[in-house]
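These notes are about the structure you will find just below.
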Amino acid sequence: MWKYTLKRLFWAIVTVWVIITLTFIIMKIIPGNPFAKEGNMPPAVYNNLQRHYNLDKPEIVQYGNYLKSVLQFDFGPSLKSKSITVNDYIRKGFPVSLHLGLQAILIAITFGLILGVIAALNRNRWPDYLSMVLAIIGLSVPNFVLATFLIYYVAVEWQLLPVATWKSWAHTILPSIALAMMPMAYIARLMRSSMLEVMSQDYILTAKAKGLSGSVVIIKHAIRNAILPVVTVLGILTANLVTGSFIIEHIFGIPGMGEMFVKSIFSRDYPVILGSTIFYSIILIGLIFIVDIAYTWIDPRIKIARESS
């Protein structure tokens, strides 16, 4: 088990390094300059800025310096906001994005599992059809369309919740629902398929033959085993919700990392783009690593297979 964990950790570190390298290369080959929008800048001022931010050095030297800074978790200064560093942006924006993402994944898991179980236990009946219709809508409708719909009806027409910004818990409900719909639909469909497969297994039929109540069979045996495929995707879903809420944050005026990332792209603020991408990658790869190890502990069959290999 420890050998497998160390192997996975090694490849996670290699993956982060590859992402850092590729992102750095892409930023260098994209046309444009972070100071191009400063107007008719005198050449002397332009050269001083290049020298101040070490942009006049060879690219291999810039890469080495940046890699050294990243290892110290220092993403450097922002090229547009002279008194603010990329770390300051992350410290300010990430807690907001994390709150939004975790609240959305909690909604997605809770209602996704419930819909999936209900659909499986009522196969080919109206609860099954209704649950799957909701799942199809969740997968088909983009979250920005759903966000617009929620703002217009729930906030403007019915005035049940505030429209935008990030001032209280009430302001978090609509963006969390808009962000949670697609993963909730995916979890519901996955849980339904997994439940149907588990319910047809011999050990479920044996448990019923022994006289165990339906609730015990479903909760203790069926759901426990059917939830394993859902666990495998939680890492990716959580990371996507925490780091992939750009459009939702923009629509609702949420001061998270997504909004910061979009602005940095338009302004060509390279350190912010690089720092945000690397930070997102570390979260994504870290969560996948944690879920992969957790899945090994949850399912003894996988643990035995990996130890034997």
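Glycine too: its Cβ is placed from the backbone N, Cα and C atoms.
Sequence annotations record features per position, and here TrEMBL assigns transmembrane segment to 9-30 (among others).
Feature annotation from TrEMBL assigns domain 'ABC transmembrane type-1' to 94-295.
The transmembrane segment annotation in TrEMBL covers 100-121 (among others).
Residues annotated as transmembrane segment in TrEMBL: 133-156 (among others).
Residues or ranges marked as transmembrane segment by TrEMBL: 168-188 (among others).
If you look at the transmembrane segment (226-252), the same-chain residues 6 or more away from its ends with a CB under 8 A from one of its CBs are 97-98, 100-102, 104-105, 108-109, 112-113, 120, 143-144, 147-148, 151, 163-166, 171, 174-175, 178-180, 183, 186-187, 190-191, 194-195, 197-198, 258-259, 261-262, 280, 283-284, 287-292, 294-295, 298-299. What TrEMBL records for 226-252 (among others) is transmembrane segment.
The feature transmembrane segment is assigned by TrEMBL to 272-298 (among others).
Residues 99-101, 103-105, 107-109, 111-113, 115-116, 119, 131-132, 134-139, 141, 143-144, 146-147, 150-151, 154-155, 161-162, 230, 233, 237, 240-241, 245, 248-249, 251-252, 254 of the same chain lie 6 or more positions beyond the ends of the transmembrane segment (168-188) yet place their CB under 8 Å from a CB of it. Using a Cβ-Cβ cut-off under 8 Å and counting only residues 6 or more beyond its ends in the same chain, the transmembrane segment (272-298) has close neighbours at 1, 4-5, 8-9, 12, 15-16, 19-20, 23-24, 27, 66, 70, 75-76, 78-80, 86-87, 89-90, 94, 228, 231-232, 234-236, 238-240, 242-243, 257, 260-261, 264-265, 306. Here the transmembrane segment (133-156) has Cβ contacts under 8 Å with residues 115, 162-164, 174-175, 177-179, 181-182, 184-186, 188-189, 247-248, 251-252 of the same chain, all six or more residues outside its ends.
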